[in-house]
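Asks: Questions regarding the structure given below will be posed in turn.
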């Protein structure tokens, strides 16, 4: 319990302490904030008063300085924050640096360096294989040997709340996409860069990755279908990718770590995590379409962990940069994280409680993906939400 | 002819004036330079003295400010430079701001925002289709309807001269790539950003794109072969992409503009360039392996132009950012721009004049790609070179 009257099971209670970038009408400069209940701590202002040695790590209009500062500083900032929100003596000291979340505008929390999208859910890959290649083995031959991934467009990663303009393209007839879809994913945010030519072992995951966010990887299935052979998705994905405004540090997910599903083929040593602490994560998502819950996928079903994705991404010597974002791919264990699966390629439209039916998204539709994970002592760790509305 | 005694047919004569970023032992701060013959104009220093109004456009450790400044400033800077190097009266004024190219270290010329790689050579796509899918139609059904492309890794774009560490990966056995290859390409450098949700018409090409460079898109064919179905190339390409240090502005290529090859299927209006001035480019490349010329591809054979690539890239509403780099894909018209084509998938190794044979690259091999284009009045426009050596 915090003197802020935020109960421990509140998604943004004292065990979560996620980082974002906000501004207010009173002070329109984007700056780093920490969510606590329905309030935001103005972190640079609080640090100036309470921990001036940390000022440079939380300065600037994005989280990039904090991301680059590395694990020791991440731990120190979190320890300070935990003290401030739990010890009554800080009531007066911190009080002047709190902003009502409702008064804040949230910004893209960090400058995205490279954006990679994986394909790490066995359920999703199997569903898409069955839908797109009926009669064949649903998983490709490589799928259980490596986490398949591809690079997406970093410049069109947008913060939750940004309207999504329906893309046009060759389907193969030219026109607005008629099969606009969502993909509910977890994103990993890289803090500490690595050296070109040097693979990063999976045991170094928490030395490089700062935290996680929610990702909606909007997808135009008709544009993608015509373009993607032989070089993969391009315009079917590049028009927009939405992320949640709050980055939850890995430290908040300590109690959500679980063993990943049993691996059914032996892994190369650089991917073998059997003898290392698991980075499976017990994160539960909820996907709402126009207010109605349409799916509740669970990240603990993912075949590949975030640590394995990082190890794979760098095993060829590719380097990490501060602000790299890599997403898990659609999470479809528990229930599917995309409409193409939920409506089985549009053949079985979803019936919504308001009486309407959806195979794919219509103009005006709003999708909200939220998530929580278990914390210590019954605490709830909230990942917040990623929200977007389709405009024609 | 210039008072600098650089003949008009020198690749870096007064008609080229390419931009790069350099430093020297005497002044280790990376700064913008312009190549003229075997010298480099220290542009910020020269501008401070001769055109102080342009100082902000050429400030900083990269070309990004100049890229973002837009076509009017690009034209003004080039007009000033042309005057300085051609009019005798500037001999004394400019003389103090010249550095011998041999004394300069060249740096990555701009911060790469997103990196996209196209596949725009019909000869290359046909060759790869024949090699990888024998007995089938070599071009995929979409190939003549749109310029196929995919996103690559911006964070591993390196400047010419950077050693290339041989990547390891699943081939499917894990180990160092045994089929390390080159791809000789032309790159387009975006200056002026565009708005998310708004396609950029191909007629706006020279309002957004600043200039071109040479690209060597190093490729590990064995890693790529195992990973690339169904989401495209990833680790087979992401370990390194080399670019030439000198960016040649579009204005220098005015006389190199030619009609692209005849299109054999009708194009969607957003790609149809029949009634607009052509952006085919008469650029001649030379690929050398350990000093021996192994190929001389020509960009004028490319089915898709840089303007069409830009229009396609944005037709779904994806935005451009300052520093976006998009490459043409391997140029294989005239002669092939990759070893997998030159050695026909390794079956017909190249015999080099030194008596050695190559199917793919060996440790210690050095590849240099250079290029020239015709300028006005018999001038030669040089694109310089992109160089890289393989280390084990």
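Glycine residues also receive a Cβ, built from the backbone N, Cα and C atoms like all the rest.
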Asks: If TrEMBL gives B:183, B:185, B:217 as binding Ca(2+), which of B:114, B:117, B:282 does it give for that site as well?
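Replies: TrEMBL names B:117 for this Ca(2+) site.
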Asks: TrEMBL records B:119, B:133, B:224, B:228 as substrate-binding residues. Which of B:16, B:330, B:372 is assigned to the same site?
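Replies: My reading of TrEMBL gives B:330 as the candidate in that site.
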Asks: Name them in sequence order: residues not among B:217, B:237, B:241 whose Cβ is within 8 Å of the mean position of the Cβ atoms defining the Mg(2+) site.
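Replies: Close Cβ neighbours, site residues excluded: B:117, B:152, B:153, B:183, B:215, B:216, B:218, B:219, B:238, B:240, B:327.
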Asks: For the domain 'Fumarylacetoacetase N-terminal' (B:16-109), how many residues does DSSP put in helix, in strand and in coil?
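Replies: Counting residues by DSSP class gives 46 helix, 23 strand, 25 coil.
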Asks: Write down the Cα-Cα distance for residue B:117 (Ca(2+) binding site) and residue B:133 (substrate binding site), rounded and given in Å.
Replies: 21
Asks: Return the member of B:124, B:228, B:237 nearest to residue B:217 (Ca(2+) binding site) in space, with distance defined Cα to Cα and candidates limited to these recorded positions.
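Replies: So, spelling it out, the nearest of the recorded positions is B:237.
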Asks: Long-range same-chain neighbours of residue B:237 (Mg(2+) binding site), Cβ under 8 Å, sequence gap at least 6?
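Replies: Set apart from residue B:237 (Mg(2+) binding site) by at least 6 residues yet with Cβ under 8 Å, we have B:117, B:152, B:153, B:217, B:218, B:219, B:220, B:224.
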Asks: Is residue B:237 (Mg(2+) binding site) helix, strand or coil when read with DSSP?
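Replies: Assignment for residue B:237 (Mg(2+) binding site) reads helix.
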Asks: CB neighbours of residue B:133 (substrate binding site) within 10 A?
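Replies: A 10 Å sphere around the Cβ of residue B:133 (substrate binding site) contains 12 other Cβ atoms.
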